[in-house]
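Okay, structure first, notes after.
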C-alpha cells in the first residue's frame, strides 16, 4: 500500500490506493478546496487519479504555474461545452493552451460575428457559475471512438485513428452533457474557471495544412482570479497603445503592402533609425575586432543541399532559376561566411577569425503569421560567425557575452533571462566534445556573473547554445540574442585550417546574433519607447521654430549651426500659431523644440521645450548644442530635464 512523500519530506501511509484529492483532504479541507491536480513522481495527474504505489506527491493549486495552465485548458473545454449548446452541429477539433490563454478550432456552418463571440462568452460564464464537477473516465480506444462517432465528432475520430494507439485508454472529460477527449489533467470543478475572456477569432487549417479545410479558431484568456485577469487586460490595452504598426504609421516610419507581403518599405524617418542602429552595431564590431563582409543574395541549391538546409528547411526558402540552375535566396548568412573563410589557406595563427554581416535574408513565413516588423519575410540580421579552435571557445564565448550586454545597455532593458541549451539525444560529436563545449559556455556565463538556467536536451544536434531573452516594459519576452556552437557546418562545407602540428583541422564555428532581425528589433524598440525614441535614435532630434516671420533668418542660422554640429534638425517656418507647431511636433515625438521669439533673437538664445512638455527656459545656443551633442554621443536614455 502506498507511502506518499510530500514536498516537505513528510510521509503519509495508506492501506489503500489514494488520489491527490484524498491526500489533500487528509491534510486539511482548505487545501482540498484549492486542489486542482497533483504532481506524482514528477508527472501531472488529475486530482481524482489513484496512486497505488509509493510515490512523491505535490498538490497543484491555482498559485502554481501548472495550475494556471490547467485552468486555461479546462476553459477550452468550457468553450466547447458552450458552443455545442449554442450551435449543436459544431464539430470540435483541438483546444490547446497557449501563452496567456487557450484556443479551440471549430468547424461551424456560420462565420462567427462579434455578437456571436459575446453570446458564447456569456454562455460560458453561465455554465461556469453552476460550479459543476468535471468527471474523468478512462475508456478503451474503441469505446472512445464509438462515443465520438455517435456525436458526429469527425475530427476527434480522426485524432483517435491517426494519433492514438488502439491499446491506449484515452481520457474522456464529461462537462455535464458535453464530452471532450484529452490527456489532461483538468480542474475537478468549474469553480476554478470563472475568470476568462474570449479575445478574437481567426482562420486555421485543420492540422495546419492548407490542403485541409479552414476552421474557425476562437482565442481566449483565462486567469486564476479577477485581479490577474484585469491586470492582463490592462496590459493588452497598453500594448495596443504601443503597437509598433500604429506608431509606425503615426510617425511615418515605414509601411507594408499586399504586393510585397512581409517586406518592409522603409520611409526616410524609419530608415534613419535603421541606419543609426547600424552605426551603433558597427562601432561595437570595431571595438570587438570583427571583419565586416557581404555575401551574395542567393546561391546555388547544391550548396544548400551540402549544408542540410535543403532537406530540413526548404519549405521556408524562396527559390528561383536561371539557365537550368536552381538558386535559393538565402534564409541565413552562415553558409556564405564559410565560403569566405575557405578562400585562401588558413593557419591556426589566423584564428579566431570574426566575421560579421548585415545580411539581407528571406524566409517564406506563412502569410497568416506575418505581423508588422515582428514577423516578416525579408529581414536584416546583425549576424556574425567566429571561426576558432576548440581551445579558443571559452574566450570567444566570453567576449560574445560581454558584447551582448554592452549592446543591450543603451536601450535600458532591465530584465534579461539567459538559458543554456544542452545536448539533445540525436547529436554529432563525442560526449567528451559536448562535455567541454557545455562547460565552456557555462563557465563563460559564470565568469561574467550572469545567472542562467539550463534547458536540458534543447541544444541543436550540432552544438549547445546560449539564448538571451529581453523583457520589455510590459513584461513581454523577446528572444533576440544567441551564441550557438556549431561542430557540423564547417566540416560539411570543407572548412579547414593548418594546426600547429601542420595537420589540417576543422574549425569550430560560433554563430552569434545580438539584435537578431534589425526590423524586429526596431519594432521592439518602438513599443518599448512608445515611439519616444532616445535622442540618439530619434529620426528628427530637434525642430527649430519661429513665432513670427521676423525670426526666420535667426531660425535658419540656428538650424545650420545645429546641422554643422551633427544634429538631425528641421526648421519649421510655417505661418502657424506657435502652440499649433509645438503640439504637432510633440505628437511626432521630436525630443527637443527650440522656439525663437524676438527676445531670443536679441539675446542670442533659444527657448527649449521637450516632447514631455517641460519648459527648460531660455538657454545659450552654444550650451544647448554642447549638451545635445553629449546626450547623443553617450547614447543616453535621459533627456536634458531628466
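Note that Cβ sites are derived from N, Cα and C of the backbone, with glycine treated the same way.
Residues annotated as Zn(2+) binding site in Swiss-Prot, with sequence analysis given as evidence: 334, 385, 511. All chains included, 24 other C-beta atoms sit within 10 angstroms of the C-beta of residue 334 (Zn(2+) binding site).
Summarising the annotation, Swiss-Prot assigns domain 'TGS' to 1-61 and lists sequence analysis as the type of evidence. Note: the domain 'TGS' (1-61) comprises 14 helix, 22 strand, 25 coil (DSSP; helix = H, G, I, strand = E, B).
As annotated by Swiss-Prot, region 'Catalytic' applies to 243-534.
With the fewest other Cβ atoms inside 10 Å of its Cβ, the least crowded of the binding-site residues 385, 511 in this structure is 511. Other residues of the same chain near the Zn(2+) site, with their Cβ within 8 Å of the Cβ centroid of 334, 385, 511, are 332, 333, 337, 383, 384, 484, 486, 489, 509, 510, 512.
The average per-residue pLDDT of the prediction over the domain 'TGS' (1-61) is 94, rounded to a whole number.
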